[in-house]
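See structure below.
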Amino acid sequence: MTAPRSKPDPARIISIRGARVHNLKNVDLDIPRDRLVVFTGLSGSGKSSLAFDTIYAEGQRRYVESLSAYARQFLEMMQKPDVDQIDGLSPAISIEQKTTSKNPRSTVGTVTEIYDYMRLLWARVGVPYSPATGLPIESQTVSQMVDRVLELPVGTRLFLLAPVVRGRKGEYRKELADFQKKGFQRVKIDGAFFEISEAPALDKKLKHDIEVVVDRLVVRPDIASRLADSLETALKLADGLAIVEFADAPASHSSPPPLRGRSDREAIRVGGDESRSTAGTPPTPALPHKGGGSADAPDPRRILFSEKFACPVSGFTIPEIEPRLFSFNNPFGACPACGGIGTEQTIDPDLVVPDTAKTLRQGAIVPWSRSSSPYYGQTLDALARHFKFKVTVPWKELPKKARDVILYGSGDEPVTITYDDGMRAYETRKPFEGVITNLERRWRETESEWAREEIGKYFSATPCEACAGNRLKPEALAVKIATFHIGQVAEMSVRRSAEWFEALPAQLNTKQNDIAVRILKEIRERLRFLTDVGLDYLTLARNSGTLSGGESQRIRLASQIGSGLTGVLYVLDEPSIGLHQRDNERLLKTLVRLRDLGNTVIVVEHDEDAIREADYVVDVGPGAGIHGGRIVSQGTPAEIMADPASLTGQYLTGQKSIAVPARRKPDPGRMLKLVGARANNLKNVTAEIPLGLFTCITGVSGGGKSTLLIDTLFKAVARRLNGAHDVPGAHDALTGLEQLDKVIDIDQSPIGRTPRSNPATYTGAFTPIRDWFAGLPESKARGYGPGRFSFNVKGGRCEACQGDGVIKIEMHFLPDVYVTCDVCKGKRYNRETLEVIFKGKSIADVLDMTVDEGTTFFQAVPTIRRIMETLARVGLGYIHIGQQATTLSGGEAQRVKLAKELSKRSTGRTLYILDEPTTGLHFHDVAKLLEVLHELVAQGNTVAVIEHNLEVIKTADWVIDLGPEGGDGGGEIVASGPPELIAKAPRSYTGKFLKPVLARGKAKRAAE
């Protein structure tokens, strides 16, 4: 290790001694506290092992260990890292690249708490408007309520109820006793009437509705005085609310039981006589077990009166304007149709008939095309005869009526259908159900998981018709501030909503401004933090499950800045992922601000700007895997660049660089053309991707790159060439497909979700390895086949650990402990299987080898060697052949997939799509990856990548730059052509940053 010239102050350091986690080789390291420290180095060199698995793990473990045993059971506790000593640690917070939440109710607004403040703002400052008149709703007076009741037909029998508990948990024994003392005898609990003295015990864990029966009346002109008196009592009991319920209308709510005794309030006067008519009254039903808690859905049997807000014209009433009314996670605010999700799952006609150029005879209707039964063909023939259309005409040319009948049925019109299965023939005459109607019915009725999975392929999410995707009930959407309801503002981008909230005070009166000032301050601050980390293009209503890992990480980063903590150790994993160079500067300022609050910020990063901005840099290496795990260099960025031992320093100084290959020119006759793409923010974009070339899709974050390449182009091509079911983004046409035979999206999703999946099983190397061992003389003598060498099935695996190599021991409030299996000693196989040896190695030893070692070991076995060499070529020579898939990073998983494709025989007609393949890669790894991608192109294939890395963009044959801004300000093609042309485009932010990179490369070539 080269000694640094700058030494951190001994009193202000984090001191690590003897770190041996994963591939770290007894590392000793001192890093300064309260500084921005960047860990860099080759992929797999040990950066994350040092930053996350050692420093963060120990900081978090010590903090959790300091808490009580009771508190510890609710917190995840890290394993103690393999390290001799760490001093100078603070409580640690890790901000990793992982999706925030898969919960469909989680949005950018809820994760950042902005939506919580918006709910408070609309509840306190919002003005309710009537959907009928468009005028503000004012509070009702008792006189207005009386007039409304007296408008009902004379003789209508009513109950006047006071809703004292609405959707709240509790037992309410004391409250019920208090009501009885006040002279009230009956209550309605969760939809059923009871005498208070006989009210059942309520489950305190469930939500309940309790309404006190204040009066029972028959509508007549002379009840006005008594009605007003009763309404005032109900309004006082229920905090301004009262309910009038019709007694005679049939419904699920039961009428009260026969009365025993009476109060003056509950007397029913009929024709001048005091009587208690109980005719037609059903017995009181048992109290529902599941409690009440349902919000007041519109009920024609009930009139809800409010002292606060109601429309006198339509009767539209808002019971209360509280923050929970604007929550789509609460039944009082959620849209009753979609439950607050904002979307509904419906059968998609485009999935039922994906290829409209096919005829019915050719299998245009996919659910019917996979069956060998003659039933479906005979049904279509009968429909064609009856409705006068041909089954040999392409679907798109069929009359609309014919298409509607096939999909949705013939209604009440009967159709004669003759069936003949070869054994017998019979005729039936009945209405035709319709393909989609049939699928919907079978989905509802089936109990078969297989059938649900099959039918589920034809469902897609569509915006809820009731709430138009706003997730809230009509009462919530009727409340507006400056003509906007809360859903409209949530649909704005962060940039647009920041402008709206900034201008809002001018549209509020003095009283409203006094109430809103503190709420607006919190909202504006959080929006500014999101803008600072380059996320101003996201909408607040964006589902957090659709965010990339980089976006999720930056949202958490913005939340941490908003929390204002000091004295904390933050550890971040490549926060620059997915960020354009223009936005990178703002991100770095955010990290500096986090440091300036008095925190230590450790960032695992490969971005050149981040390394140059750091106070201190730690370069880990020199190689990857077993060849790494040492500190190559440490110090200020200037000292790293001056250190000849640092590979990072050599790339920073320009001593090493990625060469620009000879540029390939596009053939105008070989273009993949996407016409009229308009999904998300795309503005009727027409894009041409030259076939047989390396194309980069670039642009600022939120410019529309993923929407264009993944959501529209990939899904459209996959549907046509691969028969995929995914629905592509809206577009008009796609041409040039005849020159391709398949499309492959090499993404960063895991290659397997269980420890049993590994690079050998994914790439297909494990099969020839098992075959090789099964072919050895010892195996043949013992009768072992390839299955003997699998750890997934009984036979050759260790049954004590079932082939896992470890045994999980649950420790309750301590972290689960995984101990090495004491039977197989972690080797996964039983003793007999391990006795089969090749070159002194058992199959367990082979799986424990690195890819580089495996290449040498299987030099004489071409099928295995070829896969090992391919893995090494994509920069994965350091990973173990049998390494658990769950331990691979997203970038490593993507390169394993790339290696799998490279090891196949190429047709030269494949379209490869990659989304930021340089994620997690050092400059040196990027150079290796580019060699592989250009090799794919050299074989005649087409490669299209979404990329921000200028070193990759400069090597592309063709660039499509989207923008100019993110979100609403993007969605256009700013420029397209070779990199040199992009660098000259005046509107291109990419071109602005690309220009000096190209000039530097040109100068270097001239010097050479």
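Just so it is clear, glycine is given a Cβ too, placed from its N, Cα and C backbone atoms.
Per TrEMBL, ATP binding site is recorded for 41-48, 699-706. Note: Ser43 (ATP binding site) has non-local neighbours Ala624, Gly875, Ser889, Gly891, Glu892, Gly920, Leu921, His922, Asp925, i.e. same-chain residues 6+ apart with C-beta under 8 A of its own C-beta.
Residues or ranges marked as domain 'ABC transporter' by TrEMBL: 663-995.
Sequence annotations record features per position, and here TrEMBL assigns region 'Disordered' to 270-298.
Under the heading zinc finger, TrEMBL lists 798-824.
Sequence-distant neighbours of Gly41 (ATP binding site): residues of the same chain at least 6 apart with a C-beta under 8 Å from its C-beta are Lys47, Asp619, Val620, Gly621, Gly628, Val632, Leu647, Thr648, His922.
Long-range C-beta contacts of Ser701 (ATP binding site), restricted to its own chain and to partners at least six residues apart, with a cutoff below 8 Å, comprise Gly534, Leu535, Tyr537, Gly578, Leu579, His580, Asp583, Gly966.
DSSP assigns Gly41 (ATP binding site) to a strand.
In the three-state DSSP scheme, Gly699 (ATP binding site) is classed as strand.
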